[in-house]
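Q: Structure provided below as structure tokens; questions to follow.
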Amino acid sequence: MASLAAACRVSARLAARKLQHDAAVRGFRSSAAALAAQNFMMPALSPTMTEGNIASWRVKEGERFSAGDVLLEIETDKATMDVEAQEDGILMKIIQPDGSKGVQVGTRIAVVAEEGDDITKLEIPPDEGPQQLKAAAPAPAPTPAPAPASPQPQFAAPTPSPPKASTKVPARKYPLLPSVHQLIKENGLDESAVSNITPTGPGGRILKGDVLAYLGKINPNTPAQISARFEKASHLDLSNVKVAKPVEPEKPQEEKASAPAPAPRAPEPPAKAVVSLPISLSAVLEAQQRINKKLGIFLPLSTFISRATELANEELPLPTNYQPTADELFDQVLGLDKVPGYVSAAKQRATRGNYVPDIKAPIPPKAAPKPKQKKIDIIDILAAAPKAKSVKPAGPSLVPGAVTEGLNVFSLQVPKTEERRAKVFLERVKHVLENEPGRLVL
């Protein structure tokens, strides 16, 4: 008995190992074997594709293929494209051979089986392509009348009505839209019925409303009314627009003569300020004499003063009412005003002055009365010896109102906002004329 139990355990182990081996060899399947072949339809390689040509089959009948393998080549009016397999399988039978032309999308072109199926025991499924739908389209089954309580009105019979003899449907220039193609397929309309549908879309396109009106599911006049409304709204109608009459401006009421309007007040002139500073020209006279002795060149005082004025007008402070320009505001946004040594062109022009001082000598003190001259006797003149004439040397050329000895008053009359600016100018003129006159020679 012990040996029999041991033998049973060994047999059970061997059976379990055999089952595990078979499962490992066969592998895991997401779907069971169908034991029936499947139709392979003509695919739509683009949204507007309706038919194509089969150039060649890459897989022959009875051959196996894997996911990603190229099954066949399809030619369209635009290009030749490969059709790849989405999963493993077997090509059981080719319905549309190489060189087939005008194969409609959705037509059966082959029969395939799943991997591991025995194709010798499988049956070919019936064709469910659009050809059967076309055959059944000429004789559609009558639809029963709706119940009286139905809220949807029936505008026409649901069966397609033949076109009127007087209505001429234009030839279709564009392919059907995907939504229109799906609606035609669902209602089983063939090509002859589609050619009788009156298009109301832009460029002669067939819309879904045209198909529904042809089938009698909506009012037949609705698509045309909608198309006419869109056509009218696409153009601006100005036929009813009337030009308004120009409105004359109202005349102001005449004012009474007893109360005349006050005269407009003239703007007040800006306040003025007088800035003055005493300056000595002694150092300038000494420099003038040295140049005359050493170089034999005589420079008048006006030259020294004009050069000193030119130097003093450079880089003056800005007026207190100075407004920055647009360029300066933009430079501030960029942070250029904080860059050391950066001065905008507008600020350079603003810091340049154009002052010309007014020079006056101080009023001298009241002169002492001159002694009375002695009465000249004619005898003394005749008896006196003749005197030699003395020639006075030419004196220095002076600026009108300036004196060579003492102090001269340099003054400016400027707006109140430039008072500080004028003081800086006069201080610079004073410094150059009294301390650095030689700087004005070059």
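Each residue, glycine too, has its Cβ placed from N, Cα and C.
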Q: For the region 'Interaction to the E2 core' entry in Swiss-Prot, name the matching range from 197-216, 317-336, 337-356.
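A: Spelled out, Swiss-Prot records region 'Interaction to the E2 core' over residues 317-336, not the other listed ranges.
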Q: Can you break down the domain 'Peripheral subunit-binding (PSBD)' (175-215) into helix, strand and coil residue counts using DSSP?
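A: Going by DSSP assignments, the domain 'Peripheral subunit-binding (PSBD)' (175-215) contains 22 helix, 0 strand, 19 coil.
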Q: I'd like the per-state residue tally for the region 'Interaction to the E2 core' (317-336) from DSSP, helix first, then strand, then coil.
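A: Summed over the region 'Interaction to the E2 core' (317-336), the classes give 10 helix, 0 strand, 10 coil.
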Q: Could you break down the residues of the domain 'Lipoyl-binding' (37-113) into DSSP helix, strand and coil, giving a count for each?
A: 0 helix, 38 strand, 39 coil
